[in-house]
Each structure stands twice: as C-alpha cells, then as structure tokens.
Amino acid sequence: AWYVPCLASLETLQELCRKENLRCKSIGITNRKLKSYEVEYLCDYKVEEGTEYYLVKWKGWPESSNTWEPEKNLKCPLILQNFLSDKNEYLSRVREGKALKVRNHVKALQPAVADYIVKKAKQRIALQRWKEELNRKKNHRAMILVENTVDLEGPPLDFYYINEYKPAPGINVINGITTGCECTDCPAEKCCPKEAGFILAYNKQKKLKIQPGLPIYECNSFCRCGPDCPNRIVQKGTPYTLCIFRTNNGRGWGVKTLQKIKTNSFVMEYVGEVITSEEAERRGQLYDNQGNTYLFDLDYDSDEFTVDAARYGNVSHFVNHSCDPNLQVFNVFIDNLDLRLPRIALFSTRTIKAGEELTFDYQMKGSIDLTSDSADGLSPSRKRIRTVCKCGAVCCRGYLN
C-alpha cells in the first residue's frame with residue numbers, strides 16, 4: 001500500500017468529519033466528542049438589548065457552525081483579551097496611531113474591523129502551528145519562537161526546515177571518513193585540528209580563539225572522545241533560544257536572540273541545498289525574477305558548490321544583512337574533510353544582548369546577498385541593479401551590493 005502524508009491540519013480534518021457527521025478516533029472525533037465545543041477564536045461583536053455577544057469560531061467545526069454567544073458563556077479570557085487587543089490595534093492604526101477608547105454605546109463592529117480581527121486570529125493560529133513545527137523538526141535543545149506584531153504576514157508557504165545540508169543528486173557531503181583522534185582528553189597532540197595542520201579553534205570556555213579565514217576542525221563520529229569534548233561545538237547545534245520575528249522597516253523576517261550571547265560564541269549553522277555553481281547560476285537568474293534568493297558560495301578552497309537556502313534551511317534562512325554585523329562566517333569540517341564542502345558556522349563578533357537582532361554581512365567572503373533585486377559583479381548573467389541597504393548601521397555602505 002502507498003501512504004501519502006496529509007497536508008491538512010488536524011482542525012481541518014475534524015471540520016470535515018463534523019460536517020459529514022463522521023467518526024474518526026485517530027483524530028479525536030468519537031461519539032462523545034462529535035458534539036464537543038471549544039472556542040478557537042472570536043470573529044465579531046455586537047450588543048443586543050443591553051447584552052454583549054461575540055461571534056465564536058468553534059475549534060474543529062466549519063465556519064458555517066459559528067454562533068453568537070453572550071460573554072457570560074465564554075470561558076476563554078486569553079482569547080477575549082486577544083480579540084480586544086486586535087480591535088484596538090486596528091482602530092488605533094486607522095486613527096493614525098491615536099489610541100481609541102471603546103465607547104459603551106457601540107452596538108456592533110464595522111465589517112472592516114471584524115475582518116481584521118479574524119485575519120489576525122488566523123495568523124496567530126498559523127504562526128503557533130509553525131512554531132510547533134519548527135521545534136519538532138529542530139535537532140538542538142534551544143527553542144525557536146515566532147513573532148509578528150507588524151502586519152498580517154503568516155508563515156512562508158514554500159520553506160522547509162532542515163538541520164543539515166540537503167545535497168543535490170550526485171553530491172556527497174559525507175566523504176566516508178573511517179578514523180578519528182585517539183584522545184581521551186582533547187585537545188592532545190594528535191587531535192583532529194593538529195592532524196589537519198591547524199590549531200584547536202576553541203579555548204577552555206568553548207569560545208572561538210582563531211581569526212576569521214582560518215578553518216575549524218572538530219572531532220568527528222569516529223573520534224574516541226565523548227560528547228562533552230571541548231572540540232565539539234558546531235555539531236551540537238545552536239544553544240540559544242532564538243525568535244523569528246517580523247521587522248518593522250520592510251526587511252521581512254529577521255532573527256533575534258532571547259538570551260545574552262558572549263563574544264566569539266557559536267550561534268547557528270547556515271544550511272540549505274548543496275548545488276553546483278552551474279545550477280546556482282541558473283537558479284540565480286530565476287530567483288531574480290521572483291525578487292529573492294539565498295545563495296551562499298562554498299569558496300573556501302574552490303567555487304564548485306553553493307548552498308541554496310531559499311526553500312530548505314534552518315533559522316539562518318531568516319537572518320538579515322547588516323554593514324555592522326554581530327555574526328561572522330567560519331568554515332567548519334567535521335565528518336567531511338572535502339575542502340570543497342565546508343559547513344558554514346556563524347559566530348558572534350561581540351557581546352549580543354537579549355532581544356537584539358542577529359545579522360551578518362552578506363558581502364563576507366563566501367556569502368552572496370540576494371534578498372531582492374541585489375547583486376553586482378558576479379558574472380554578466382548574474383548582474384543585478386543595486387539595492388538600497390536598510391540595516392541602519394552608522395557605517396552603512398548604502399547598498400547591499
């Protein structure tokens with residue numbers, strides 16, 4: 001038998017069951033729960049004969065089942081609070097930022113207000129589901145949060161979270177190494193960096209101590225040392241709780257840290273599809289017409305391969321550019337010693353405060369900014385108009401390219 005994953009949400013499947021009067025134990029629709037009701041969000045408001053009513057969308061029920069309920073029947077203080085906040089937010093924006101007080105004589109909401117409240121409720125639910133999906137798929141302990149207090153934009157429709165490189169057919173990102181260091185207490189004289197002709201990248205506090213441009217060689221899956229080895233940093237994933245948030249100055253999504261990050265700390269890895277440079281050239285021209293792309297040349301030793309994080313990636317997909325960044329790119333080698341295929345790690349260049357946005361310079365060696373109509377100077381076929389930079393840094397170059 002063939003099995004195809006269902007793309008519909010649990011609530012959508014429950015709606016179908018209730019609409020057709022079907023039972024399905026696996027999605028929670030049993031005889032007992034077929035007629036159960038739980039508030040999903042509130043759609044509208046009115047006052048009739050001195051009584052306040054709210055139009056309720058019931059969780060797992062089609063919108064045709066929405067009902068008007070008096071406030072005394074609603075046991076959902078948070079949903080009520082969200083409804084009132086969304087209403088006042090919309091009215092305040094209409095009044096050009098002037099707070100609008102709710103008057104007692106208001107009998108019903110204007111259709112535009114109710115429409116905004118419903119869209120905001122659906123967005124809130126969609127972003128919550130996306131956050132849950134991201135945290136199911138990640139392979140590190142730290143949480144990923146999602147926040148949008150700026151507009152009605154929901155989760156990206158064509159983005160798939162991955163934790164490591166997704167190689168294109170014919171590209172091997174694991175070169176099949178069968179040996180590792182014999183250290184019982186890394187670093188020793190024959191530890192992995194020494195074998196590669198370089199020094200250990202980290203100090204005793206597990207902070208970076210090498211200069212930009214030098215490679216990082218971490219212990220691999222065949223090394224004798226255990227998971228607490230001080231030379232295993234990037235491979236453990238980000239240790240910080242990060243938040244994907246909507247920027248308020250037209251830069252789309254961004255990423256901020258919710259924890260303090262000390263100087264020279266590993267923050268995240270840049271992952272995506274690994275493709276050939278020829279394929280990157282072809283995709284780049286297609287992406288130009290769409291207005292965005294996320295191509296990162298793996299040019300540590302050669303320029304044969306590129307990482308494309310447009311559709312497949314992790315949190316780094318959402319990190320914005322800055323001319324004064326707080327992250328720096330480093331090439332890392334762990335289970336693949338092929339110099340053409342380093343892993344890309346982002347380390348802090350200074351102390352980063354909790355709540356501060358994370359950024360790196362798209363013009364760093366090995367990275368190509370292609371977030372809108374940008375780029376200049378790659379090749380005639382990839383040449384693009386200059387894009388104004390919105391990073392806001394004092395030393396801003398004015399353009400992303």
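Including glycine, each Cβ sits where the backbone N, Cα and C put it.
Note: TrEMBL annotation is automatic and uncurated.
Per TrEMBL, Zn(2+) 2 binding site is recorded for C181, C192, C219, C223.
With a cut-off of 8 Å between CB atoms and residues at least 6 apart in sequence, the same chain places C181, C183, L200, C219, N231 near C191 (Zn(2+) 1 binding site), listed in sequence order. Under the heading Zn(2+) 1 binding site, TrEMBL lists C181, C183, C186, C191.
If you look up TrEMBL, you'll see C186, C219, C225, C229 marked as Zn(2+) 3 binding site.
Among the features that TrEMBL reports, S-adenosyl-L-methionine binding site is placed at R251, G252, W253, N320, H321, Y362, K390. Within 10 Å of the Cβ of G252 (S-adenosyl-L-methionine binding site) there are 14 other Cβ atoms, across all protein chains.
For C323, C389, C391, C396, the entry in TrEMBL reads Zn(2+) 4 binding site. Counting every protein chain shown, the number of other Cβ atoms lying within 10 Å of the Cβ of C391 (Zn(2+) 4 binding site) is 21.
What TrEMBL lists as domain 'Chromo' is 37-95.
Marked as domain 'Pre-SET' by TrEMBL: 179-237.
Over the domain 'SET' (240-363) the predicted model carries a mean pLDDT of 93. Positions annotated as domain 'SET' by TrEMBL: 240-363.
For 385-401, the entry in TrEMBL reads domain 'Post-SET'.
Counting only same-chain residues six or more apart in sequence, the Cβ atoms lying under 8 angstroms from the Cβ of C225 (Zn(2+) 3 binding site) belong to C181, C183, T184, D185, C186, C219, N231, R232. Closest in space to C223 (Zn(2+) 2 binding site), of the binding-site residues given as W253, N320, C389, K390, is N320, taking the CA atom of each residue.
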